[in-house]
């Protein structure tokens, strides 16, 4: 008679035999069956006896050294030979009160612009820190904040010389209640600082952003018919692939959707020029925003979201458009424009 034993029954017989021999005080030499699955081997490939594992783990690929951008020496003369007589700095501070505590104003005093434009202040006028409201360098200060949400959005403009006129918003309540735009009129140009709405995670505000782009362009074009303008601020779009580190992985993310990029293209087609790309058309790795996550700033994995746009009439006086990427205090860095007006 033949018996067919399953592997489990064989294992049971061997275990019983081992137990019997141990009870009898005899040496056990019965071997256990080998396990077939690789993932059931010793943890981390260790054999438990100090020997090298049968297969050495492959070494991971060495991380690439970050490609950094170095802001070149400032150019103080325009193409038509005029010396710069207007210096404007723009900075998304990601919370004015926190930025002040991080010594942002120390950097501003060293940069010493004629006009300082701030975005995403997240601070009601009544809660502004005295360190900035009392700055004697800028006797003319203008603030705009969100009407509905405290600690949301907000822009500011600080001027050494008093503007001829200052207005808030773009004339449409649905946009103006969020405190996103200040316009100052100077003798030879308008200066507009803006914090353009983000399409948000999941693109839940993309439709609103598309409406904003149309209305904002109409507003700027109306100003441009009266007097040339400078637009500065966080425009919340990386226009071309060169303007962010990972374009392929961000095509469906806020700030790099086809709709947002098209809105920016139409703004340029309406007669405005991206001053940085005008001077540095092929410059890669030049960013103004880095997420706080994954050490992105040290790796220079960023986006260029902050701009100076100029009316065509001001282009002959363009001297330089700077990205001050070593200035700390926010997840954005400041940008500075030199202009002969």
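Every residue gets a Cβ built from N, Cα and C, even glycine.
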Query = In TrEMBL, which of the ranges 34-83, 134-183 has the region 'Disordered' annotation?
reply = 34-83
Request  = Around the recorded Mg(2+) site, report the further residues of that chain (criterion: Cβ within 8 Å of the mean position of the Cβ atoms of 92, 120, 234, 236, 331, 332; site residues excluded), sequence-ordered.
outcome  = 93, 94, 119, 195, 288, 289, 305, 306, 330
Ask   = So how many other Cβ atoms are close to residue 236 (Mg(2+) binding site), meaning within 10 Å of its Cβ?
value = 23
Query = Given the binding-site residues 120, 234, 331, which one has the fewest other C-beta atoms within 10 angstroms of its C-beta?
reply = 331
Task = Quick one: give me the count of other CB atoms within 10 A of the CB of residue 195 (active site).
result = 24
Remark   = Whole-Å Cα distance, residue 332 (Mg(2+) binding site) to residue 195 (active site), is 13
